[in-house]
Every structure is written in C-alpha cells, then in structure tokens.
Amino acid sequence: MASTEKTVTLWLYRAIAFLSVVALLSSKVVKADDVRRKTLTFHPSLEQNSKKTRDIVLPVNEYGDGKDFSINQHVSEHIENDRVKRQAPTLLSQGSSVRGFLPTLPANSTSVFPLNDTHFMLTVHWAGEGSDVVVCLARNPTQSADASSSVFVSYDYGRTFVRKDHLFVLPNGKPASIGRFFNHPKVNSHYVFTDVTNKHMFTTTNSVHTVQSYPLDFAPEDITFDEKKPFSIIAYDKSDRLRRLWFSRNFGMDWSTVREFVKSWFLDVTTSPTTLYVEYETPGADNIVLSSISMFTATNDAKVVIANVEDFELRDDFMLATRRNPGGDLDLLVSYKRGPFVVASFPSKLRRRDFHIADISEGQLMVCVNHDSMLTNLYISNVPDDTKGVQFSLSLERVLYFYPEGAFPNSWLKDVGAEAFIDIHRVGKLRGIYIASQFRDANATALTKTSVTPDDLVTVVTFDKGGEWKLIQPPRYDDEGQSIDCQRSKGCSLHLSQRLSQLYPINKTAPILTSSSAPGIIVATGVIGASLKGHPGVFVSADAGLTWHQVLKGSYWYTMGDHGGVLVAVKMFRADAATTELLYSTDEGETWNTHQFIDEPMRVYGLITEPGENTTIFTMFGSKSGSHQWIIVTVDLKAAFQYECKEEDYKLWSPSGSLSGRPCLLGHQLSYQRRMAHSNCYNGKSYSRPTIIANCECRREDYECDFGFKEEEVTNQCIRDPDSTVDVFSVPMKCPPGEFYNRTKGYRLVPGDTCVGGDGGSRFAPDKVACPVTEEADFILVAQRQKILRIDLRNTERLDEFPLPALQNVFALEFDIRSNCVYWADSLQDKIWRLCLDGKSVPQILVETQLESIEGMAFDWLSNNLYFVDGARAKIEVIRTDINNTGRMRRTILNGTVLDKPRGITVHPVRGYMFYTDWSTEKACVCRANLDGSSQEKLIGAPMVQWPNGVTIDFFADRLYWVDAKSDYIASADLDGKNIKKILEGTDQTLHPFSVAVFKNVMYWDDWNAQGIFMADKNRGTGLSTIASRLPGVMDLKIFSQSLRHGSNACSTNSSSSASVCPFLCMGRPNNGYSCICPDGMHVELQANGSEKCLCPDGHAPQANGSCSLVNQTCPEDYFECQTLEMCIPSLWRCDGDNDCHDKSDEANCTTPSCSSSQFQCGNGRCIPSHWRCDFDNDCLDGSDEVSCGK
C-alpha cells in the first residue's frame, strides 16, 4: 500500500534495548480491536514497487562490551541445542585460500564520511534513475513527541552528506521527530517526510533543497503516491479510532476524507484515470470493497467490487479476497484481469486457515496454504479461464511458512517480532527457478512440535516452476580446495539461508542474493550437510543454481555490481569481527581480492549498493569500536577492471544449456549475453543485455501435475491425489454439442512454457474430446463363457445380460460404442460374431474359418479395424468391420515367427500402437508393435512377467496396465515400458487375474479363482472392493465410454472411411503416420514409405473388392475361380463365411479342416500347438490336453 523506493533500513541496538526493538519490528501489527488479522498475505517481492524498494533489518548481536546480548529464557530454550562453535579465522580474513592479483585500488576510490550521529537506526535511500541524490534518516527505534531524528542528504552519490535538520522544524520551534519518508516512484525529486507523533508532514519537490511544512489532523503513518500524478497523495492513520483514509491532490496542502474504517487500499494505475480500491469494515459484518476513479471525490462514483470478505488484495492482473465458508475454512476468491470473482479449487481435504501469495507470474498464482499450525503446502494454479476457473495443484509439501497468529504459535519467532514470511526465493529474472525451505520429512518432529530450528529444514530447488523439486547439488570442493564428501543420494546436500536464518538469534546470516541484471548468478549463505544446521559459508552459483562452489567461510554481508561483473563481501559484525577489509571478485567468485577501506577496524552493519546492481559503487554502514557513531564508507570498484568490455569479451549463456539432460527450460532455450568470467572488463551502468529465444519440443519437465493430481515420489508420475474430492474427468458444465473440451491426462503445461510438438505433446497434453450430444452411461462388459454381462458404472450392483443367442464359450469381446455393436469370439464355435443393438439387426458371423482359439480382441475405432489373437495358431490378425465382402480384408499382422503363446491385446489408435502379451516360457513379454505389425518391441520380459494375461491402456494417463496370472499381480508402466509399478500383488482378489480395465482413477479386473470382478485405486491399489462375486468362468473384461473412444489419426482425418486413405487396409502409425497394407493372398510390392501396393498375380491392380480378373480364362495359383462370374478371389477367402464371389460358390462344399501334423487335436475338435500339451494349462478347455501326461 505504502510506496517507498530504493530504501534500506539499518538497525543498531544495544543489548539492553533488544526487547523494545522487537516491539518496534512488530509495529505493523495493530491493536486487536483496530483491524482484524490478515488471512491473505504476500511475499515481500510482490509488494507495491518492490523492484524499487528494499527494507533490510540489520540487528547487531553483540555491542560495546563484547558480550553476547541477553535474550529471554523462552528463546533460549528453543535454540539451546543449536549453538555452534565460532569459526577460527582462516587465510584471507576467513575467505578463500585463492588470492587475486588485481592492482591495488587508487586512494580516491574510497570515501569515509562520519555522520557524527548516534541514533540507533538509519534508513538509506537512492533516488536513482540518473540522480546522484542519497537520502538518510537517522532515528531511534522508539518514537515519541520529543524523540529526535536527523535527515542527511548527499548530492554526490554518498561520498559526502549535508545535515538538513534545520528544514524539519515544528511551528513551535521544536525539531520534528521524523519516523519515515517516502519517495514518488516516477518523479524522484518528490519526497514526503512524516512525523506521526506530532501529526506533521514535510514535503519537497527538489530533493530536499527546500521543504514545505504542513500540520495535520491525523497521524500520517502510511503514504501512497499516484504514479500518474506527481502531487496526488493518499495517507492512512492506523492509530485513528475511525481508521480514516485521506486524499490530497496538492501534495499535502489540503486533505479530504476518502472513507472511514478502512482496512486496506490499492491503486490500479493501469486504468485511466487511476482507480482506487478501498476495503472497509462494516459493524458486525464482513468487509466490503469499493472502487472509484475519482478518489471517491465525485458523487455516486463508488462501485461495489465484492462484499462479505475477510481480506482483499490487488496485485497485477489479480484481485484476491478471502471469505469464510460454512465449514469454517477460508475460501480464496480470484478475479483475473478484473473479471468476475470465482472460488479457487484446491485438491486437498485439509483445512485452509491462511493464504500467502508466494509469487505471481504469467497469469499463474503460487500460493502457500496453511492447513494447521505446523503444516503448510505450496500450490500452483492454472491460468484462469472460463472452463476450469481457478484450479490449484500441489507443488511442494511441508514448506516453511510463519505467521504470528497461527503457524508455530509458541515459537521463538514471536519473540523476535517476526512478521509473516515464507522461505521461498525466486531466482532473479530467470523464469521458473525457485529455491525453498522444506521440513526434512513428513514424519519429522518439527511438524508435531511448536517451534522450528534450522535443523528441521532442508533446501530444495525447482527449475520448472514447481513441477519438480530436488535437493541442491553440493559443491565438490570447499574454498581451500579440499574435497567435500557429500552426496544427495545419501541425504547430504547444500542448504541455503533465507528469512528464518536471518532471524535466528544464534547465528544470523544474510539472505540469498540474485539480481535481474545478473542472470544466472546466485550468492548465498549456506550449510553443507543433512539440514540447515551447521557452520555457515558463502556459496556462489554461476549457472542458476545447478552447480555451486564455496568461496568463503563464516558469515558475511555480500552484494554484486556491474551487472554481476563484480561480487563484493565484507565480514558481518560479531563481537570479535570488526574489519578493515572489503573482499571483491571479478571472476564470479573464483578468486578474491582485498581492499583496505579504513584504517581502524569498523563494525559493519550493512553492505549495500543501489538497487539494480548495475553500478560499481558500494556503501558500508557501521561504526568504530568503543562508542557508536554512524560512519558511511563508499567504495568505487571501477578501477578493479582493466578496460571497458568489447564484443569479444562476451558469450551467450543459457540456464538450460547448463542443465545436464535439460536442453530447454520452460519450453524454450533463452540465451543471455554474459561477460566471460576471466575477462577483467567493465560492463558499465548503461549496459543492455541482448537475449535470444528459441522454442523446444515438449518433454516431461514442461508439464506439472494438473488439478486433482500429485506427483508420485518414486516414478515422478502425476497420479490422482487421494485427498481430492473433485471429478477431474467430468465433462465441463459449458460443453455445447459440436465443440471439444480438454480432458486431462494428469498433466498441464506449465504456464509460460512455450514448448511445441514432440513426444511430450502427445504423452502429457490433454486429449481433445468431443462434447457429448447426449451423455451416455459408462459401462463394463464382461464375458462369462455362456453369457456377456453389462455393468453400469453408475450402479455397479446391477448386472444385465446381453440378449445374445447360443453362447458356448466366450473368451474375448469388444464393443463399437459409435455403432452400438458388440463383438465376441466363441472358442467352441471358432467364430467371431457381431450384433448391433439397434433392435433391427441379427447376429452376424464375421470370421468362421481358420480360427482355433481366439483369446483376445481389440477394436480400432478410428480405422474400423478389429484385431484378434489366435493363441492356438500363434497369430494376431485384423479385419475391417465397415465392409461386408471379400473376407473383410483379413490380414495376418504377426505370426509364429514373432509369437509363441499370445494372449491379450489392446490398441491405441491415436498413438499408432498395439500392445499384446505372450505366455511363452521363452518369449514371455508385454510387447508393443505398430498397428500394422511393424517395429515389434519387447517392453517388459521375464522375470517381471511370467504369465501375462489381460492388457489394457489407461487413456487418461497414457499408461499400460496388465495382469500376471502366475505371479498374481496387477502392474502398470509408461507406454514405452518404463516406470513400472506394481499396484496389487498376492491379495485374495488377485489369485489368478485374467483381464484388467482402467477408467478415470479406478482399475477393474476379474479373477478366475476368486470368481469375481473387483475395483481399486489405479495408482495405489487402495479402496479395494468387490463389484460382483460368485461369477465362475469370468474371462474378458473391458470398459466402454464415449470419453475413451475419441481422437483422430491419419486414417480417420477428413475421412468417413479408411478406404478413402488406403484401398484396402489403412493402419495408423506413430506420429500421425499411416501405412496401407494388403489382405492375405494378394501379391505385395513394398513401397519406400513402408506401405504396400496390392496387386493381382499378373501384376494388374485388383478390383475395388480385392478380386482379380481371369487371365487366359483361368485363375492363377493360390486363387479360387468363382463359378458364375469371371473373377478370381484369394484361396484364403474360400469357406470363410463371406459371399465373396457374389454367387456363394466360394462357400459351397466346405468342411471343417483337421489339425496339422504340428498340432494336437483336442477332444472337442480344437487344434492347439503340440508343445502346449501337458503344460499344466487347460488349453483345450475340455482337459483333454492334460490327460495321460507323464509325471
């Protein structure tokens, strides 16, 4: 709300004043009866004008007599076990053992200016933007009417200062007690100084050369500027019982009341004129938010934005509010781009007690949700849209978040006056890179105790905007070149200090330093080990956090300048740590040089440079030993460089180029021009860094878990979040017929990610599913030998039997949901049937010859091809279902050269794959091939699979599921066979599993021995339950839904029939490819693109139905001559049940063939391979193959 820019506040206090300073640090927390506590807070980086504002609190642990200052007993109890030994000084003032060899800086590079001021607090501000003005305010922590203060101004960038106290005098002649000052964000010569205790304001429009004085009727505690109007000011009085907000359009001369009982206010400068938003409280009710484009000075100008809220915030494109729901939890209401408010959805059933906005970027919110006093999780939203609204997915569990009213209620943090904070740091201007503090383990004692120490925390980093978090890679060597034995695989890593470590009384440290002017460079205080507890050192990364090297031991202040061209450090003040030396490095921390900036040791309380880190001028604040008086030391390190940089001193650097195995970051390779580390040249303050952007193909790291999903730790796959109560697969409320909606696979593209195409695009991108004309019920079909049962998934207790005639032994089934036709194979009849359930059709035989044991079927709904597995003949064949002649273009896809004992089959028409299982002792596998049978590949073999039975595809997650009847388990894997995971094993419901199907978040299977149908969570196997029991002889089981049969491939695109793409059989292939193949019996010419050209034996093209004309009044070998028509058909079409000759002559005088010499004839007439006899399996189904077997 208040606007202060380029401001650094330094605190110095004696041991005896510690608790009073703590009270001041908490001054933003007003009286309980004044303002209701905040339930919606923001990371400091998101505060108004945060890019130009820095308030750094620098407490001093020791003072004067060299003794440790006393802290109260409550704090001591919590940190007693965390005391560390003081570090012995090492070479180069506890620095690197590598000394640089740069020339000594000239004398005029350093200026020492004593302010001759003994106040304990100093606020320093750079006007910036081409100005040499630096303003300092010195005061004591406790403000009163008689409290003194001093204002100093430098007009030469901090080398000398002028005391301006004579300009800040009250009307009664007494000096004013200036508590704060504010600078206009656009007009840097405009300042406002406030005296709250005397209700007075001083303004200047010429950088404090002259000052105007105004008495007020209120205490101006907060000041906000309208960026578009240099003289418009908003002021707020927190101590006012009526909590009034005030407005002045003439820079403090006249004031009018905006509103009473104001809790918060915001200016939206993106509108014209500027819009003021005010949240105010109503007696006995929740708050109301109003907006006005006239600062509420015009009549009937106010508009209600939202009502009945507890908190309201405005940041960038977002308006955010909290509201208490009937269950007592907080809801987060979100308005994107000033649109309507919607309630954000979170996937967890946990309570929501508090929200903290950690980051906003590219239309995406990163929000920490406090669930109880110890547990806070980090969530990331989608980019809001009309279809999904605002949905959050879990990104990181157990993050460190503190707020005084709830988290860690009995912690030492309250005793040091800590305000709400979250230990998350966004790395400079690099997109998607964050560093966070996390509690070490889900079962860690920190989550059950009431306090927190560094020993409870580890540091993790993400390079894909929270999609995946990892421990930080430790350096291989320390600053003295000694090897470091630390491996992440053994729980050892690098941990970096953030806000908690700044506040921790035992060993306070500096925070992580990154800058948008120095992409990829990170300087941080850290510890190597199992947690954040240990001896600190300074670490530098030059590749955005991928690798690190230690540069210094101990605690230091540090900053950077010249766009990252120089790193600077100075020893942080301790009782024995006054210093005369400044350390600096011009090669990204590889070597360090020293510069003596003062003759006598100085206690350094802060090291800073102008925000933006693009100059070579650095300022230290402190005092000499003995008695406290502020000293300001300015050092210009420009002389440390030998020349101004030239073109050959630069190279392109990319954060993604540094990441092993990650050629791209957030879908593109962003390359920055950066000075080479060993070029000792000067970038210059006006240096503009060129960048190059190139998009990349999509990969797993470009996606994060979608709403309702969470990442599994073992496989890194996004699986259904068990705490989520939302049906993430449901059809959207707005889904008119003729349009499409995106159905998630559990992943969503990270907002801001620009990747295109690639394998990841098909694996992780959502499916485009047609909006239903009328939504049909989803159902299970299961074969039970003499019947086929239908189970409605909305009511699984009801089993309906399909009206199918004379079923004898149905092994396999399929269903064409578009045509409402059921397919089945009867192993005793050795026929494949179809019946369309339209009330008109009769059962139709599709295949009745050369079949022996159909054990699996799969329907390609895009090409209208039906695949079937003949286990006895070791074949996988295919027919077309959209024609009624010429043998339905029957084709053998795979045969005994590849197969031995095939069993299950499933197809993925969109991806162009078929998957099948083989029971063979030698060839047992879950295998994959293209739909035309090419590119066979064993995905999973022995010993993982022994007797793989049914196989299916989870189209929602693009994963493969199968059951093993020997090892008695159900497992899944990626479509390439990777990331294998056993879901269930050795249960009473997996004694001999036969078939498996997956729908949404549930897997279904049947079991021969358990004689039932069962269901469980597809990721964990939890929630196991029985759908139907006492079902002997259960065989094939499949799930059918309009939402599963969708998509397109090259055979279906812009085509009502695959025949318009290929003359006979069109087979989809991966990457939206296809091949044209010929029915069995035709002569084939293989084409360069893998397709087949189908020819008659004489080399002529066949007729449209696949038949050939007579040549010399006779048919060629392997062809049958029709009786009444002059045409020839392949001999294989003879006696196949189809009237291919159109005169039925090809179906006359047909007899059932006997078994071949390599087969065994069962008692029921079936033929099975001879080596299946006496293998302990009832392959004949009548037991005859297991009779008279030797022991």
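Note: Cβ is positioned from N, Cα and C throughout, glycine not excepted.
For Cys1135 (disulfide bond), the number of other Cβ atoms no farther than 10 Å from its own Cβ, over all displayed protein chains, is 19. According to TrEMBL, the feature disulfide bond maps to Cys1135-Cys1150 (among others).
TrEMBL lists Cys1155-Cys1167 (among others) with the feature disulfide bond. Less than 8 angstroms from the CB of Cys1155 (disulfide bond) sit Gln1161, Cys1167, each of them six or more residues away in the same chain.
Feature annotation from TrEMBL assigns disulfide bond to Cys1162-Cys1180 (among others).
Long-range C-beta contacts of Cys1189 (disulfide bond), restricted to its own chain and to partners at least six residues apart, with a cutoff below 8 Å, comprise Arg1173, Cys1174. Marked as disulfide bond by TrEMBL: Cys1174-Cys1189 (among others).
Look at TrEMBL and you will find 140-776 tagged as domain 'VPS10'.
Confidence over the repeat 'LDL-receptor class B' (820-863), given as mean pLDDT on the 0 to 100 scale, stands at 87. Here TrEMBL flags 820-863 (among others) as repeat 'LDL-receptor class B'.
Annotation comment: TrEMBL describes 912-957 (among others) as repeat 'LDL-receptor class B'.
If you look up TrEMBL, you'll see 958-1002 (among others) marked as repeat 'LDL-receptor class B'. Sequence-distant contacts of the repeat 'LDL-receptor class B' (958-1002) (same chain, six or more residues past either end, CB-CB distance under 8 Å): 714-717, 720, 727, 729, 745, 762-764, 778, 780, 782, 793, 904, 908, 911, 913, 915, 917, 926, 928, 939-940, 944-952, 1008-1010, 1012, 1014-1021, 1024, 1026, 1034-1039, 1041, 1044.
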Cβ contacts under 8 Å made by the repeat 'LDL-receptor class B' (820-863) with residues that lie 6+ beyond its boundaries: 781, 783, 788, 802, 804-805, 807-814, 869-873, 879, 881, 888, 890, 902-907, 909-910, 914, 916, 931, 950, 1036, 1045, 1047-1049, 1051-1052, 1058, 1066-1068, 1132, 1135-1137, 1150, 1153, 1164, 1166-1168, 1179, 1181
Cys1135 (disulfide bond) versus Cys1162 (disulfide bond) - Cα distance in angstrom: 22
Around the Cβ of Cys1150 (disulfide bond), the count of other Cβ atoms that are within 10 Å: 13
Inter-residue C-alpha distance, Cys1135 (disulfide bond) and Cys1180 (disulfide bond) (nearest angstrom): 24
Structural state census, the repeat 'LDL-receptor class B' (820-863) (DSSP three-state): 0 helix, 23 strand, 21 coil
Integer Å distance between the CA atoms belonging to Cys1150 (disulfide bond) and Cys1180 (disulfide bond): 24
